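Just below is one structure, and these are the notes that go with it.
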């Protein structure tokens, strides 16, 4: 895609009908090459949002983004545990804690994340307060994954082309297709995902997009309490991609042998508070936060093929925590990536 490409005709098309895959890949290629003005970027993103993004558009945009990202080599069977963000719920860092629990159970986790979007403290914010340098290079992330079975990949480090669209996104201040693309642009190109969505209407379209992109097994989930993860308070809607087939169903904490907790019990705070809660969880603290993480880890272990059902997955997750293996993964990752330049983020 030439940097001189004029995307204005594509903006006009996007406002009236879905773009074809070729058109969408051209449009997003222009965005990522810096060939569009902020007004043009905003026009394209909002035209698509108002009309509703299609699977073909999401797959094409993901391909354009993947083609320009700084990749790492991930081992066979590696997975990502991530949410779209944008649920506005301000919970504790559930997917981050889940990543350490799943890694402690022996599944390689290549976690892709960023700073706060829907919570008061995003995964990167909490990890920084836990003493990890989240801005480590792709080479360090790859080495950490190989050595410890877990890594954290900061989105801006691995997606430098996003610098061209970041200011326009910030000015828009609303959800765009990029909230959907983030979980599908893992730099390790993992083929197994537990992905939370900010609205359950996106569960199936995102599952269809991941199928188009070659994922082997994925759960797209949205909690009944509005969270972009599996809820410990309400039933959760799931779109499962497995062996090329997509099925939709609901699950509840009871399916994993876990109690239901009030949503308020998993509300988070600032990065320091959330980091302290995560460390306490890995040290064996009981309660709603632990149960929420065990529930999400149970699903991740099922997706990874390490558990036959949610109850078995929950048992494996508890063992990962209580044996100290999950906590050891945090320590091992910290040793690999070093401390942040500014521990206060």
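Note: Cβ is positioned from N, Cα and C throughout, glycine not excepted.
According to Swiss-Prot:
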BINDING   83, 114  anthranilate 1 binding site
BINDING   83, 86-87, 91, 93-96, 111-119, 123  5-phospho-alpha-D-ribose 1-diphosphate binding site
BINDING   95, 229  Mg(2+) 1 binding site
BINDING   169  anthranilate 2 binding site
BINDING   228, 229  Mg(2+) 2 binding site
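Sequence features annotated in Swiss-Prot and their locations in the structure.
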| residue | record | Cβ within 10 Å |
| --- | --- | --- |
| 83 | anthranilate 1 binding site | 28 |
| 91 | 5-phospho-alpha-D-ribose 1-diphosphate binding site | 28 |
| 95 | 5-phospho-alpha-D-ribose 1-diphosphate binding site | 25 |
| 112 | 5-phospho-alpha-D-ribose 1-diphosphate binding site | 26 |
| 114 | anthranilate 1 binding site | 19 |
| 115 | 5-phospho-alpha-D-ribose 1-diphosphate binding site | 18 |
| 169 | anthranilate 2 binding site | 18 |
| 228 | Mg(2+) 2 binding site | 32 |
| 229 | Mg(2+) 1 binding site | 29 |
Between residue 112 (5-phospho-alpha-D-ribose 1-diphosphate binding site) and residue 169 (anthranilate 2 binding site): CA-CA distance (Å): 19
Where the residue listed as 'anthranilate 2 binding site' falls in three-state DSSP terms: helix
Among 83, 228, 229, which are recorded as binding-site residues, the nearest neighbour of residue 115 (5-phospho-alpha-D-ribose 1-diphosphate binding site) by Cα: 83
Residue 83 (anthranilate 1 binding site) and residue 229 (Mg(2+) 1 binding site), distance between Cα atoms, whole Å: 7
Nearest of the binding-site residues (91, 112, 228) to residue 83 (anthranilate 1 binding site) - Cα to Cα: 228
Cα separation, residue 228 (Mg(2+) 2 binding site) to residue 114 (anthranilate 1 binding site) (Å, whole number): 15
Residue 228 (Mg(2+) 2 binding site) and residue 91 (5-phospho-alpha-D-ribose 1-diphosphate binding site), Cα-Cα, nearest whole angstrom: 10
Three-class DSSP secondary structure - residue 114 (anthranilate 1 binding site): coil
